[in-house]
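A short worksheet on the structure shown next.
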Amino acid sequence: MEHGGKRGKVSPHDRHAGPRPERQPNLRNTEKMEVKGKKKKKDIDELKKEVVMDDHKLTLEELSTKYSVSLTQGHSPEKAKEILIRDGHNTLTPPKTTPEWIKFCKQLFTGFSLLLWIGSILCFVAYSIQVYFHEKTAKDNLYLGIVLAVVVGITGCFSYYQEAKSSKIMESFKNMVPQQALVIRGGKKMQIDVQDVVVGDLVEVKAGDRIPADLRLISAQGCKVDNSSLTGESEPQSRSPDFTHENPLETKNICFFSTNCVEGTARGVVIATGDYTVMGRIASLASGLKTGKTPIGVEIEHFIHLITGVAVFLGVTFFVLSLVLGYGWLEAVIFLIGIIVANVPEGLLATVTVCLTLTAKRMARKNCLVKNLEAVETLGSTSTICSDKTGTLTQNRMTVAHLWFDGTVHNADTSEEYTVQSQRRQEKRETTGDASESALLKFVEQSFSSVKEMREKNPKVAEIPFNSTNKYQLSIHCSEDSSQGHMLLMKGAPERILEFCSTFLLHGQEFPMDDEMKNAFQDAYSELGGLGERVLGFCFLKLPSSFPAGFPFNTDEINFPMSNLCFVGLISMIDPPRAAVPSAVSKCRSAGIKVIMVTGDHPITAKAIAKGVGIISEGTETAEDISARLGIPVSQVNPRSAKAIVVHGLELKDMNSEQLKEILQNHTEIVFARTSPQQKLIIVEGCQKLGAIVAVTGDGVNDSPALKKADIGIAMGITGSDVSKQAADMILLDDNFASIVTGVEEGRLIFDNLKKSIAYTLTSNIPEITPFLLFIILGIPLPLGTITILCIDLGTDMIPAISLAYETPESDIMQRHPRNPKTDNLVNHRLIGMAYGQIGMIQAVAGFFTYFVVMAENGFKPLDLLGIRLNWDNHFLNNLEDSYGQQWTYEQRKVVEFTCQTAFFVSIVVVQWADLLICKTRRNSFFTQGMKNKILIFGLLEETLLAIFLSYTPGMDIALRMYPLR
Amino acid sequence: MRRQLRSRRAPAFPYGYRYRLDDQGEENQNYLADEEEEAAEEAPVMMAPDLEEEEEKEEEEEEKSQGQPIGNAWRQKLQIMVKYLWDPERRMSLAQTGLILFIYFFFYASLAAVITLCMYMLFVTISPCMLTFTERATTPGVMIRPFAHSLNFNFNVSEPDTWQHYVISLNGFLQGYNDSLQEEMNVDCPPGQYFIQDGNEDEDKKACQFKRSFLKNCSGLEDPTFGYSTGQPCILLKMNRIAGFLPELGDPVKVSCKVQRGDENDIRAINYYPESASFDLRYYPYYGKLTHVNYTSPLVAMHFTDVVKNQAVPVQCQLKGKGIINDVINDRFVGRVIFTLNIET
């Protein structure tokens, strides 16, 4: 939004598309004075405010002058061109896509990679110091530095490739078909591309069209628009030129950009285009939001802090120690760097990336497409899910739910298979029109007989279409047996229908209307209405024989009777919940996840669906329910006693953050209804402020800011809008809310398994560092060299560590509460304590024992090794005496040293077998868990074979300086 | 109770960690209070002991300064003591910390015990006299004397300072070869055959004499400067001791030197002492230093009598004999030695 920049050109567009006019000058001044960064922030805050416009309040004349356009002729083509040049195309600015190379660099230089880079740089520093001060130096540090850099590089490329792959799938969603719009310019109707529509254009829309821009209607014929992607209302809204509501979102004379016209035709003046439309504002709000770190990112950061802490502590301690022991400054610095680098787990970055990728793939197979690798785990730590209703929890398909006739309520099948099936049939028949009418049609087709046949048998001779003043629809048909004459059928708002009736149908017989019947009607009506369903009444009248076939019915001047009809019954319709949702919600519940419904729909419908899917569980009541049950006013109900609450958007508007916090804290079952996109955002922020990790599901544009703000935004793959998909971190390819449960399960599993992987990988750090430490302190020949360390970290440890990602859950992870992100860390002191303090120590002892055995068997007894370092590493000393009086040349004893290193390496491999089995389980015993993980067995074998290969392959003595053992 | 105390005291002790701790308390109480037991314990484990102690001390000080009634103070103290041992809020106690420390102590103690036992087993299994594996050093390496951290012999004949240290080094080295000492300590065994001594492994072995006088002109007896003063340096060559090493019978290991790179004639003449330029068989085998205490390594002296002066001459001395390897690429000291002579006049 560049209000400040556009200030010079005063255009009607600019003036009215922006925020509240009276505030604008003030705002602009402040904006102008602010530095750029602050300005952006301000804009976001501004965008978070509700939409303000006044075009809907203007009369047509005022409108005409405001946009200086004739309401019959439209703009002249020249003027339209002028405006187009001034305002730009009528398209949403796509969110700034980060260039590919920046994305790539991000993969390379963030989080864990940074640690490895620092390690690598330190290696190079150490190497250059060595080269500078000594002529002949071991190239270990150089190799290590290069290997570290290569590891980071490869892992970076890998994860970049992974993410690029999923974003490619994203791209495929984009619907690139250019839309056309019918505009009137210079009095002529013309088809132009939507992107060329300008402010003030006269636009005509008809059923099936997408609204090309924000329109102020000047005329309409039975126009209905589907606003669900903007407001979440599942029912089509009728549109007329009349100003009906202060709120621009509620008034009937405004149509919004990118909503759909489902019925009728309308003509309107474009009042805003592109980014200045309501939809555009929401989209830019979404793209302007900054998202925080993913929980796993935070965990990895915490882990890095711990590791760096340990590394620096060890490094400095041994730096001081080596100075005390009489080493030179230079050597001490080399040691310091060496120890710090040795603490860097080289293989872990790759392990973590691969583990996450594996899970992402597994989730993709279960229809959860993850855009960002780190988001894989987020769902696992999610403690609150804010779900949109329409299209996410519900099928977004009006369906007949209940029928009331013969004095009883009958249930209709609303299950998904059923509706999908009927949908298919309906598609075959290519019906268009109002959602509730197609619902009726579907219902009849499904449960009665072919509508087509019926229509053929009973041709329609006259019709009064539905309008909002009449609130009924009437049609007259020829009767099946033509002798009977005509039949008048009427449907509409139940109370209106009842007014026309004097009799009612009961078990096929007509009875005169009585009070009992009227009460029964009222009860049924309110019962069905209370379920959040849209209720229609039906009645009919057999026209007397005075209306023979061919009678000219006139619907304008009514020439037929329209009273004393016979009331048949009620049909109620609802957008039914998806079949899998209730069980998914209850699974989330038992997993300790709070499910909140946030919808743009009406409270009653929202509550009904919430009850239907278990968001408001059976037996819990809202304050209103309690007041109704106890017969006391709502204000007297103790708000604490009501666990559930339905909050209206209007109430939310007046709340401060404290009150919102109160609501979020004190109620376990919450439904927010009639919420605007901005309010959804506020709700998400409110939850996050309470420390919750929030997942947001949604499909509409109205959800996209919340999707972006959430720790993990989940968009719907089939019904979701492009904007929502762009803002989301995860996409449910099958639109199935139940997939979220899978996601949670996988996320929790990967968290547990990552813990195991990290514990496994970290453990071998100790037997890798201690040799170097003892080398410094005791002056023994180096028991484990850089190359062997790399062989462990990047070779033998790799596959076993990854195999832990395939570990099955130890207990029912869905019965657990979500982890507390503050205390339940990925890597905590306990894990480090176990890995470093216990298992690592055992491993180190095992390794040293092997080392001493090999040394002793080759002639160097342990006690003689102490302090031998300087002589041992002296190139010119070629007659070093061992414990038996033998004399060794430099190379000869180096061969012994490298043999020892190989032995140390092999012993680490062996102890890592055990470690793998230890890390395999955290709570269960090994026997409970079993050895079902085939990858793990493969990992064990691979590790062993690789060790054998490295040790015994001829030529390894030259390539890696590893020697065969006997 | 605890919470009250804390909040009362909080402003007085604005340490970062205390606040952090408080936050945790809040966190546990409010949202997401019901996480796993494990998680609640984890965080405080590391910082609990000293913190708790400090807290208690402070508490005591505070009480003193406030001068509360004695009974009340006692009760408070008791409460704090109880909390010190068992804090229900954090499900954490001193006892537990102590237990953890104890477990670690016990763990490391047993680890130490295990490694000690293993080491003991190691010493039991390996023989103190004879090596277990010998394949890492099968052929002897070669070293030369004098050795001065470098294999470049640069000296100026007319400046004794430049070669004096070679002479000192050689003299020192040859002290052990003094005829008197050798005659006293070692036996004169027959040449040309192995000096094999049967008997128990751990029995003391006798050693053959190698007298300084064997080296003739390079013994330093006649020319105490070992020829350095005349630009005819003596360099002693010593074969590394390898336990059990036996040269081919009848074919003792010979030494032969030549110019490594460059003109063959730069050396012109070398006198070897003993004249055979070989290591006599009687000095083998070597039984290891435990039993073969007075073993004297045989030497071969090279007397470079007519080396080209004022020019670096790279010399390679190789051992020749059956079973001797002298061409390992990456080890230039197995079976050979390379040094440069740069004698200035």
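A Cβ is built for glycine as well, from the same backbone N, Cα and C atoms used for every other residue.
Annotation comment: TrEMBL describes A:227-241 as compositional bias 'Polar residues'. The domain 'Cation-transporting P-type ATPase N-terminal' annotation in TrEMBL covers A:54-128. Annotation source TrEMBL lists region 'Disordered' at A:1-42, A:227-246, A:416-436. As annotated by TrEMBL, transmembrane segment applies to A:108-130, A:142-161, A:303-327, A:333-356, A:827-854, A:935-953.
Where the transmembrane segment (A:827-854) meets the stretches A:142-161, A:303-327, A:333-356, A:935-953, the count of C-beta pairs under 8 angstroms peaks at A:303-327. The transmembrane segment (A:142-161) is in contact with the transmembrane segment (A:333-356), judged by 3+ CB-CB distances under 8 Å for residue pairs 6 or more apart in sequence. Sequence-distant contacts of the transmembrane segment (A:333-356) (same chain, at least 6 residues past either end, Cβ-Cβ under 8 Å): 112-113, 115-116, 119, 122-123, 125-126, 129-130, 141, 144, 147-148, 151-152, 154-155, 158-159, 296, 300, 307, 310-312, 314-316, 318-319, 322, 327, 373-374, 376-377, 750, 753-754, 757-758, 761-762, 765, 768-769, 772-773, 776, 789-790, 793-794, 797-798, 801-802, 804-805. DSSP labels the residues of the region 'Disordered' (A:227-246) in these numbers: 4 helix, 3 strand, 13 coil. For the domain 'Cation-transporting P-type ATPase N-terminal' (A:54-128), the mean pLDDT of the prediction comes to 83.
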